[in-house]
Structure formats: C-alpha cells, structure tokens
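As recorded in TrEMBL, the features of this protein are as follows:
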| type | residues | note |
| --- | --- | --- |
| TRANSMEM | 12-32 | transmembrane segment |
| TRANSMEM | 245-268 | transmembrane segment |
| TRANSMEM | 288-307 | transmembrane segment |
| TRANSMEM | 328-349 | transmembrane segment |
| TRANSMEM | 361-384 | transmembrane segment |
| TRANSMEM | 396-415 | transmembrane segment |
| TRANSMEM | 421-440 | transmembrane segment |
Amino acid sequence: MDVYNLLSLGPGLIWESMVLWGLFALVLLYLARTHAHRLLLGLSRALARALRGLAALLWRLRRSGQSLQAEVMEAAARAEAERRLTRDFRRLADVVRNELGEYPSLHRQATEQITRIERDYDASVEIPPAPPNWLEAVDAVAHTSGGAEPALVKILDAMHSTLTRASHDALEEYRYASRKRHLLLRRAAPQWRKTAAILERMERTVMELADRVALTDTHMGEFERVRSEPPVPGLALQLRYLTRFTLAILMLGGFGVLVAGELSLLKLPLTHLLAAQPQVFGWSLPEISAWALVSAPILLGALLLELGRMTRLLPGLGVLQERVRGRLMAVLVILVFLQLAFMAALVVFGSPVPVGPVPPGAAPVFAAGGLSILLALLLLATELPFEAALRSGRQVGMSLLVAVLGLFAMLSRMLAWSAHLGGQIAVRIYDLVIFLPLVIDEAWAARRQRNAQASSTIERLES
C-alpha cells in the first residue's frame, strides 16, 4: 500500500482527503502551539546570542588588531626616523671626514700664505736711509769764497763730487729696492686670492656642516617626538601607506613586464642552443636557464643595494666595514658587467641565422642584445619597490584586517538582530497558519468570560 492510498479516504476523494488532513494538521499545530512558540523563540534567541557572542569576539579581535596596528605603525615610524637619523649622521660624518679632514692642510696653507704676505709687506714699507749730517758742512765748505787756497778748494770740490755721486747711487739703489718691493706686493695679489679661495672653501664647508647639523637636529626632534608620542593610525596615515603600497605594486608590475621581456629575448637563443637537452622536474633546460639568467641581475642588484645601504632587507650587509663593503661592491660590479656581457653575447651570437632576407640598414640581433642589456640594468633596482611594498604592505594588511573584522562584527550584530526578529516573525506566521482554531478558541474564551461575568453578576444581585 502506497502513501497515496494510505492518506486518501478513497478513490475520487482527493480534495476531501486534503481538507480532512488539513484540519487534522491545524488541530495538531494548535495543540502544539505553546511548545512551538517556545521552540521558535528559543532557537531565535540562541542564534541571536551566538551571533552577538561572535560579534563581541570580532570586536575584541578588532581592538587587538588596532593595538597591534598601532604597535606596527609605531615601530615603522621609529625605524624610519632611525633610518633618516642614521643617514644624516653618516652624511655628517662623511662631510667631517672628507672636508674638515683637510682642515689642518688648509690651515697650514693659509698660515704660510699669510706669513709670506706679511713678510713681503714688511719688506715693502722700509723708509729710505737719512743722509749723513756732515753733507751740509761739506757743501758749505765747497761753496766758500775764492779766498781759500786753491789746493783746499780743489780737495773740497773733489769731495763734493764724490758725495754727490754717492748720493745719486744711494737714490738709485733706493728706487730699485722700492721697485722690487712693489713687485713683491704685486706678486702677493695671487697669494691673497688663493688665501681668499681657501677661506671661502672653509666657509662653504662650515655652512654645509651647519645645514647638515640643522637637518640632523630636525630629524632628531622627529625621532624624539615619535618616541614620546606614537603615531595614531588615522585615516591620513593609512591612506599614505596605501598610496605607497599601490605605487610599489605598480612598480613591481612594471618590473614583471621587464622580466617577461627579458625571458622572451633569451628564449630563442637558449632554445636554439639547448633544444636537445632533457627536462628537469618537468621544466625544459632552456626555461630553467632563462629564469636563472633573469634572476641573476635581480640578486646582484639586491646585494649591491644592500651593501650601498639603500635597502635594509639584509641589515647584516650594511654594518660591514667600509673596506669590506667596498671590495664586495667592486666584485659585484664586475659580476654585473660579466653578466651583461654574457647575456648580450648570448642574444647576439646564440640566435639562429634568419633564413629570409634582412631589411637594408636593420640590425635586429644587435638591437635585441642592446635591449637585453637595458632590461638587465633596469632589473638591478627590483629590490627597491619590493622593500617598499613589504614595509607598507604590513600596515595595509593590518588596516585591511581591522576593517574586515569590524565589518564582520557589524554583520554579526545585524544577523543577531535579524535572528531575534525572525523568531518573532516565525511565531506570528505560525499563529497566522492556525488562525481558524485560534479564532474559535478566542471566541470560546470570550464566551466563557461573558458567562462567568454574568453568573458573578447574578450571584451578586441575589446576595
């Protein structure tokens, strides 16, 4: 016997059976009304309570995420301030070492120039010697009257001539010495200019040092402010990190295009040279070689940037001694040039010879070699946007996590309210389904209440 024959009253009595079973279901639903209400309200309250608990948990996680985000941003701001301050101190030390390190030599040169100028100046201000006092007496005797003896007059004339000639020679010597002193003063002009240039150079060095010190003081103030007042992860700060992260991702996408171009340039010569080689882990040897050749300039550029203290993903390389870092950078530069030369030679000489005619004046193979060198040089700076994306990505990830937790907490609260309201609506719908027994029950209850009131009124009147 199937279910249809079991539930039907008989053949041809489908509607009557449906009405009968519907009335039976209404009666059962009416009898189970109280328990059904408790069940629906209990389920809705339990679901709402669970959702509110989930929302509270998500809010606690969000607050923890905000605290962690503030710590991360504080650490990032402190690291950035320390990096700027370290760079300023390093530049200040370079200025002191390179410029002020020559100060003793400059001071000695300036002192020598000033001493030479003073000596020449002192030599140029000598006064002429005073003539002897007896010249006037001799001149007076030489011009005496003719009453004197001829022999004495002759002697006096000879003395006068000798003294006149001696005075003329002394005057010529004085003029020569004065001319020589003027030449010394004229020769001192370049020395003055050289001394002025030395002093100007020292002044520029001191001014540059003062500017560096002022900038260092500013960054020191920012560092102290970051230590005393940690940055609040506000909207402006989050937008700044998001902008940095977006630009870094766009730059990494550009470097990805460069990698694809380099791979396409190396694929043809490597396939031509290594086509008969077996595969390794499902990869052909030309593909592995192309990826290795493309990764080499990226790794070499990363090491150069780390040794040059432009990036800090490997801080152990930046704290090496200057001599060691210089030698390592020289070795890496040589390796970079060898890598570029090898890639260019591979593209130029490893490509197959074209079968068709080459257009006049065109050199596609050499152009491809030059393009491979250019792309490899650009790939040396891949670590710069990678570090920027890595440093700003932490703040962006924390901001996104906090936003997602807050969104899910709000959704959980809304779902809890919806579950509570849904339980009440389900109770109303349940009562709406069994409205006919409810109406009969309410009418019967009202009648009983009226009868009870009437009987109580009669009893009161009789008493």
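Cβ coordinates are placed from backbone N, Cα and C, and glycine is handled just like the others.
Between the transmembrane segment (328-349) and the listed ranges 245-268, 361-384, 396-415, 421-440, the one holding the most Cβ pairs under 8 Å is 361-384.
Non-local neighbours of the transmembrane segment (245-268) in the same chain are 286-287, 289-291, 293-294, 343, 346-347, 351-352, 368, 371-372, 375-376, 378-379, 382, 384-386, 388-389, 392-393, 395-396; each lies 6+ residues outside the stretch with a CB under 8 Å from one of its CB atoms. Here the transmembrane segment (396-415) has long-range neighbours at 51-52, 54-55, 58-59, 61-62, 65-66, 68-69, 72, 233, 238, 241-242, 245, meaning same-chain residues at least 6 beyond its ends whose C-beta is under 8 angstroms from one of its own. Long-range contacts of the transmembrane segment (421-440) within the same chain, counting only residues at least 6 positions beyond its ends with a Cβ under 8 Å from a Cβ of the stretch, are 26-27, 29-30, 33, 36-37, 40-41, 43-45, 47-48. Within its own chain, the transmembrane segment (361-384) is flanked in space by residues 251-252, 255, 258-259, 261-262, 265-266, 294, 297-298, 300-302, 304-306, 310-311, 313, 336, 339-340, 343-345, 347-348, 351, which lie at least six positions past its ends and keep a Cβ under 8 Å from the stretch.
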